[in-house]
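As C-alpha cells, the structure follows; a few thoughts come after it.
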Amino acid sequence: MNNLWRDRLRRHQLDQFKYLRLIFNDTFVLAFIVLLGALGFWYSNLLDTINSELWFGKIVVVAILFITVQAGHLATLMESPDSTFLLVREKQFYKYFQSAENYSRILPILLIAVVTFLLSPFAFQGAHISALSIVLLGLSAVIFKMVLLDIELLGLYGQHSIANINIKFASELIYLVVLLLSAYISAYIAPVVVLICWIVLMNRGQKWASEGQLQWQKAISDENQRMFRVKRFYNLFTDVPGVTSKIKRRKWLDFLFNSIKLNHKNTYLFMFARGVVRNNEYMGLFLRLTIVQIILLCLIDNFYVALIVEMLFIYLVGFQLKPYFKEVMQNLMQRLYPVSDKSKIADFTKISNVMLLVQWFVNIFAVVYKFGLSSNSLLINLGGLLVIVFLNYLYLPHQLKKYLVNGENI
Amino acid sequence: MTLEIKDLTGGYGQVAVLKKESFTVKDGQVVGLIGLNGAGKSTTIKHIIGLLTPRGGQILIDGMSLKQDVENYRKKIAYVPEMPILYPELTLKEHIDLTIMAYDLDHDKTWENANRLLKTFRLDNKLEWFPQNFSKGMKQKVMIVCAFMTEARLFIIDEPFTGLDPLAVKDLLDIVEEKKQAGCSVLMSTHILATVQDHADKFILLNNGQVRADGTLDELKAKFNMQDANLDDIYIKMSNEDN
C-alpha cells in the first residue's frame, strides 16, 4: 500500500510540475510581480493610515484566519478503477489514507504560515494583538487544519456524526468560538482547545474508522471533483486535456450578436461570438482580468505603473483568447467547410477587437477617476489602444496564420 | 456526380495504409465500403474529404481534384463522421444556421429541408438544446440532418448504423433512397452487412488497403464462386484468404 501511494504521488507530482511550468511562463510571472507589487504598495499605504486600534480589527483577523483554514482538502489520489481492482485490499487502505493525509498537510500549513505572516502587521497595528498572540493564533490554525483533515478521513469511512451531531459542523463552530475568545481574552485558549481535539482524534481515529465502512463511490467521486477543480484552475492558464469548460445559454445576451447577418461571409463571426459569450472560460477570463484591472487602476497613483497595468492586462486578455481559436479549429467539421482561412482569421480578430475595445473603454473611467482629464490619462489610454492595434493587426493574424497554414503550434 | 479514385496510395505519416486503391462511384449509386477493422475504410474516407493528402494516385469528383478548387470540391461533399462532432457552444438551431452559412445555402429553402429532416428524426422540439444535453445517437442524428440538408452531390457516411435506434436506421435508409432518386451518390462504410446488403447497389471489399473485389452482390458471388452466399459469407471467405 505504501508503494502504491509512493507511485501515485510521484506521478501526481510530475503532472503538477508539468502544469506549473506552463503556468509560470514569462508573461504570467511579469503580471504576477506587478500585481504583487501593487498589492504590497496598497497594503503598506493602508497600514500607514491606521493609527489606533480599529473596532473591527480583531474580527477581521479572526475571519481571515478562519477562511484560510478552510483551504485545502484531503488529496487521496484515488482513481475510478480502484473500486474494481483494489476492492480486495480495503482493509489496508487506512494506511494509504494516512500517507495521503500527511501529504495533504503540507500546502495548507504553508498557506496558513504565509497568511499569518502577512496578517501580523495589521494585527499588531489595527487590532492590537501582540506578536506572541498572533503566532499562537497561527499555530491554532495549523492544528485545526490537522483536525479538519482527520475529520475528512473519517468521512471516507462514512463516519460523519457522533450522537447525531455533525462532527465537521460542530468543530468548525467550536473553532470559531475559541478563535474569538483567543482574540479578545487570551491567545492560549484556541491552541490548547484544538490540541486536545487533535490528540483525541489521533487516539481514537483508527477505531472510529474501522467501525465504519470505506465509501468507495464517495471517496472516488470526491477525489475526481478535487482534481477537476485543480485542473480547471490550471486550465485558466494553459490547455489541460480532459477539462471542458461549462457552457451557459445566457439568452439575455443574445442581443449582442443578433445583429450579425446570417451570410456566408459571417460564418465564423456567428460561431466565435456565441462561443465567447456562452463559454464560461473565456467570459470568465475577460471579466476577471477586466475587474482586477479596474480595481488596480483605481488604486495606483503612479503614472508608469498605471500605464503598465493598462497595457499588460489588455495584452493578457488578447493573448489568452488565442486558445479559443485553436479549440474551434480542432473541430474536424470546420476543416470540411468551404470557408477560406483568411475569413476565419479576419472573423476572429473582429471578435478580439470588440472584446478588447470594451475592456479599454471601461478602463477609461478608472483612469480618468485617478488622473483626471490630464495628459497622463490620455497617454495611458493611448498605450492601451496601441496594444490592441499590435495584437489584432500584427500579432494575432500572424500567429493564427502560422497555426492554420503551416500547422505550427502557437 | 462521379467519384473516381485511381491508384490511391496514402496513410498516416510514413505508414502506407492504402496501396494503389481504385474504384468509382457513379451518379445515383449507393455504394457500400466493406472491410475488417484496419482494412482502410476510414482512411479512404479521410482522403476523399481531404483530411489526409494522398501520397500517390488521384481522387476526382466530377473530374475535379481538391487541389484545383478547394471550395467547390468541398461544396459537393457532405460527410457524416463515425463519432459525432458538434460545437459545444452552439444550440441545435445554430448548428443548422452555421451549416447554411458555411455552405452558402439559401436560408429559407434549406430550413424547409432541415425542418422536414428534424421532424423525421424527432428532433424538431429540441432546437434550443446544446450538444451536452444530447445522447450519442441524437448527436449522430444532428450530424445526419446537417449533412443531408445541404446541396451536396456526394454523401459520405462512416459507420452510420451503429448507435442509431432501429427506427432511425430505417429513416436514414429512406433518406438515402430519396437522395439516390435525385441523382446523388452515397458512399457508406459499415460492418452491418445485412442492412447494407439490401440497400446498396454496389459493394467495395477492402482488404489490407487494396480493393479485393467490387461489384453488385451477384457479381461478387460469381467472383468468389459462392452462388447461394450472402454478403456475410463472402466477407468471411475474403478474411480467410489471408491465412
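Including glycine, each Cβ sits where the backbone N, Cα and C put it.
The following features are taken from TrEMBL:
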type	residues	note
TRANSMEM	A:20-43	transmembrane segment
TRANSMEM	A:55-77	transmembrane segment
TRANSMEM	A:106-124	transmembrane segment
TRANSMEM	A:130-153	transmembrane segment
TRANSMEM	A:173-201	transmembrane segment
TRANSMEM	A:291-317	transmembrane segment
TRANSMEM	A:354-372	transmembrane segment
TRANSMEM	A:378-396	transmembrane segment
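The stretch with the most CB contacts under 8 Å to the transmembrane segment (A:378-396), chosen from A:20-43, A:106-124, A:173-201, A:291-317, A:354-372, is A:291-317. Same-chain residues lying 6+ beyond the ends of the transmembrane segment (A:130-153) with a Cβ under 8 Å from its Cβ atoms: 61, 65, 68-69, 72-74, 97-98, 101, 104-105, 108-109, 112-113, 116, 119-120, 123-124, 167-168, 171, 175, 178-179, 182-183, 187-188, 190-191, 193-195, 197-198, 201-202, 205, 209. Tertiary neighbourhood of the transmembrane segment (A:20-43): same-chain residues 118, 234, 237-238, 292, 296, 299-300, 305, 308-309, 312-313, 315-316, 319, selected by CB-CB distance under 8 Å and a gap of 6+ residues from either end.
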